[in-house]
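Visitor: Structure incoming, see below.
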């Protein structure tokens, strides 16, 4: 360290406190990174990696960015999961002896972003804090850009569902704990010292934040794990934000039992937030329903989808509001137009509180407040009864509008310092400074013209840079005409730069005026923000009301476009849907192309539907549309059906598709069984179970046995008796209806004509005893030889009396053993699930069977 420069020592002292972050070190007009940080920045930001001498014989890697381009580069690093410590100059050059003082003013992490261009407009940016025990967990979350702060304590089995619902950008954990994230989630994991999660430390942090003596008023006094998570979260935010976190005024405490529960598999299988194919908004339920016009409405819709209601009165309030907008098309259209002019008032309110809002954003806020007044005139003066509940917070804020109108210019720049933010006439002293700076600039322009005429040098020009200040530049060709009073300041390749006493005098005048102007404008702007901060709660209340109106009117718009109907709720444990449709599949097919289907499920007489039929015929679509209709109804939306009479559903479970969990070392079948076990252990009589192909991951007889046992268990357990849709390729299960009274058989109608099969996609009563797997294989494009041979093998398998000691030889001389002595191959063929094989897998299987037959000399 002896040969290290003072600047490097200062940097190292700061860097040692932020070893896991990239330090952006302010040096004049640049943020510089050093050493390994510089290598990372150069690679990830695609900027030049250079070096700087920072001691005798010591060259340090260096990469920098202009200070005004910070947000752009910051977003690229944050999106890749990095943390960035912003180290600013906190004193001015010359104010203190030696180096300019520097300190980290903020640690930016994926879960603590507040810059608008770094955030998804219609999605919260949650920071999640977890404290885990063997069977329980405390969970706390916050979005400092919207002031949301909440916590809960729940069973460890429900944790993954909450993580999937919140989709946090960052998760904090004690250093001695670990977490396996859902496969679709890309969250940064940050570890904290376990000290911050200790019960007494965390409780004290919450009490200090809310300035209270106990937490009873917040409803979490008896949630010790939730308190640990919430207290640690506040400590982390305080460390990263270097502020008091005043925007987190309320703590929302909830339990998972307050809402319909859906695990992460259900959210994924039903494609609630993202499509399974492209992992995008398009093709998801959110993509269908999101006709919202505001950022606040988009975020609220996500919350609705993640937390369907269980209280019928709350559902009916939403449905009544949707009724109004459904019936009043002019009001709906007018509101949509107005909402389209509303900025993100929720995040703006918090940026005012944090004093980070830009002058130009205040004009956007002013325009939004004017639109709020117009919406209030339309709905608030005489509130329609069906909207009254959601209009409570909608109130014009004329005083706030007046402050902005009187203080901020009509078209301010994004930054302060040029005297163009504060309106003329607001502060006399500032007006004088602006005039002085303006006069000086005019003088310089006039001086340039005058000196050109006086010297006869037409190419003479005045310029400015931060190193030399103002200067007169003269090309080499005209140096012979330079007056003697010009003082040489800098030599360039093709020109010389000069100053004069007169120019230096005005330089001091201008720079002093600019410095004083920046100080004064910054101070006045802060005063304005302090005044506007007094309307924080009222602004948030307006944002909340507008978000609700936005979502509910969007539900009505979707209902009108797609011919949805209002669902009806009743106390009986049954659901009865007439001509139900799958909202996403219907959109993909186009209007009128989807085949609608009925469904009736009841705990009294039709608790379980066994659904049989070929793949590709629509079994999964039918199962999913039922669950989606139930979910849509309980968020207060109309539903895709002709009629829908429903009961409240406490949980939706889905067991669909095959997947491995490689991180846990679990096979496809083990994953299937674990998920099925979870469903059977936690479902209630008010749950809806969607089970597709239980038992497919093992041998035929094992799978059939498990599938049958699952159906019998759901039917016979008094504490379960959940409404169940059970799709299967095991045709033997249709026999269950003969001795289980609440089991009914349904199948997918198929039309056959001269060997051609047409799937009608219509659900009809009764079971089927025939598979159409080979037909599906034909549709998939398997070679004609394979299809022909498959039909031959199927015929032999279905007619054992006609078997010969050896099967006849086909054109390719492929022989399949069918005698008693070759029972192993025979059993393997019987267990083939042809309808589940891809074309390539089917062909590979045929070659495998051929090889085994040849090895046996058959």
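The first residue you see is number 1, and the count goes up from there.
Yeah, the Cβs are placed from backbone N, Cα and C, and that goes for glycine too.
So Swiss-Prot has the following annotated:
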type    : residues                               : note
BINDING : 613, 614, 615, 616, 617, 618, 619, 620 : ATP binding site
Visitor: Compile a sequence-ordered list of residues in the same chain as residue 620 (ATP binding site), six or more apart from it, whose Cβ lies below 8 A from its Cβ; state 'none' when nothing qualifies.
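Guide: Residues satisfying the criterion: 656, 692, 727.
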Visitor: Cβ neighbours within 10 Å, counted over all protein chains: which one of the binding-site residues 613, 614, 618 has the most?
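Guide: Buried the deepest by this measure is 613.
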Visitor: To test your reading of the ATP site: which residues beyond 613, 614, 615, 616, 617, 618, 619, 620, same chain only, put their Cβ within 8 Å of the Cβ centroid of those residues?
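Guide: In sequence order, the nearby non-listed residues are 748, 759.
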Visitor: I want to check the contact list for residue 619 (ATP binding site): same chain, sequence separation of six or more, C-beta distance under 8 angstroms. What comes out?
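Guide: Residues satisfying the criterion: 611, 613, 692, 727, 748.
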Visitor: Fewest other Cβ atoms within 10 Å: which of the binding-site residues 616, 617 wins that one? Let me know.
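Guide: It is 616 that, of the binding-site residues 616, 617, has the fewest other Cβ atoms within 10 Å.
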